[in-house]
Amino acid sequence: MAVASLSICFSARPHLLLRNFSPRPKFVAMAAMSEDPIREWILTEGKATQITKIGSVGGGCINLASHYQTDAGSFFVKTNRSIGPAMFEGEALGLEAMYETRTIRVPNPHKAGELPTGGSYIIMEFIDFGGSRGNQAELGRKLAEMHKAGKTSKGFGFEVDNTIGSTPQINTWSSDWIEFYGEKRLGYQLKLARDQYGDSAIYQKGHTLIQNMAPLFENVVIEPCLLHGDLWSGNIAYDKNNEPVILDPACYYGHNEADFGMSWCAGFGESFYNAYFKVMPKQAGYEKRRDLYLLYHYLNHYNLFGSGYRSSAMSIIDDYLRMLKA
């Protein structure tokens, strides 16, 4: 399985802390640290008796990726020598949540844990990708099916905090989507911009938008849906049967429209949206909210890559302030 390229959309940050992580038994860290926990898992729980080949997989700039070939099949392994296990544990929980919807294909996570010499790893299903970009209509349909199937009674958020690219993503549960998106998504990114760049202008205007954005959600029924969270072209692939595969998630439960927030970096076409909305019908005011969900990702790019993305974020904020007369 090829790891997603992060060349345009994300770069690395050194540290992430997740709150109250309690991993599920499917991929819990081993109680006793072995010299090589990856090899140990593959040769025990992975049911292999020998590892025949280990090859590197290119494309990522945050983690190292490897293809482990064994007599019990293949495994895809990511490692990071500078970040603790919380990042990969969050990814594993997201992959598992998507996998359990039995809708769109995702790599099945097997194990995430700590490396004895520092850093962390995740072992997952190896998927052999095809060369085609595949059927966008099928991608749209299956994404909608995942949104429809992935429900929770806990509200908006996720079991743990995770990462968007390499930026911490706060997922504390909330019963109010407008509050959650304003505080945990836009507000958090605006604070990063102020703290990192001293950008009080975008911070103040952004908070004015947050305080006045409620009318954009009038007459909208918002149910928490399981979102991929970082759906751009580098995190979308197709298997040998030309079935869509989504990977490297930043999962949480939110408004389904928020999963289109990276559409400017995903190449979604008309067939994608037509197929999606046949399963998850478009709601009133969708077009007015579209840029609000782009804004989160433009702000994240600003925080990760610098001023090249500031103008796009500020333009969206200014347009909404005019629209809302705020």
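Keep in mind that glycine also has a Cβ here, set from the backbone N, Cα and C atoms.
Going by Swiss-Prot, these are the annotated features:
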ACT_SITE  Asp230  active site, proton acceptor
BINDING   Glu125, Phe126, Ile127  ATP binding site
TRANSIT   1-30  transit peptide
Next item on the list: Could you round the CA separation between Asp230 (active site, proton acceptor) and Phe126 (ATP binding site) to a whole angstrom and send it over?
Entry: 20
Note to self: So if I draw a 10 Å sphere around the Cβ of Asp230 (active site, proton acceptor), how many other Cβ atoms end up inside it?
What the structure shows: 29
Next item on the list: Give the number of CB atoms, excluding that of Ile127 (ATP binding site) itself, located within 10 Å of its CB.
Entry: 21
Notebook entry, point to check: 10 Å Cβ neighbour count around Glu125 (ATP binding site)?
Noted result: 17
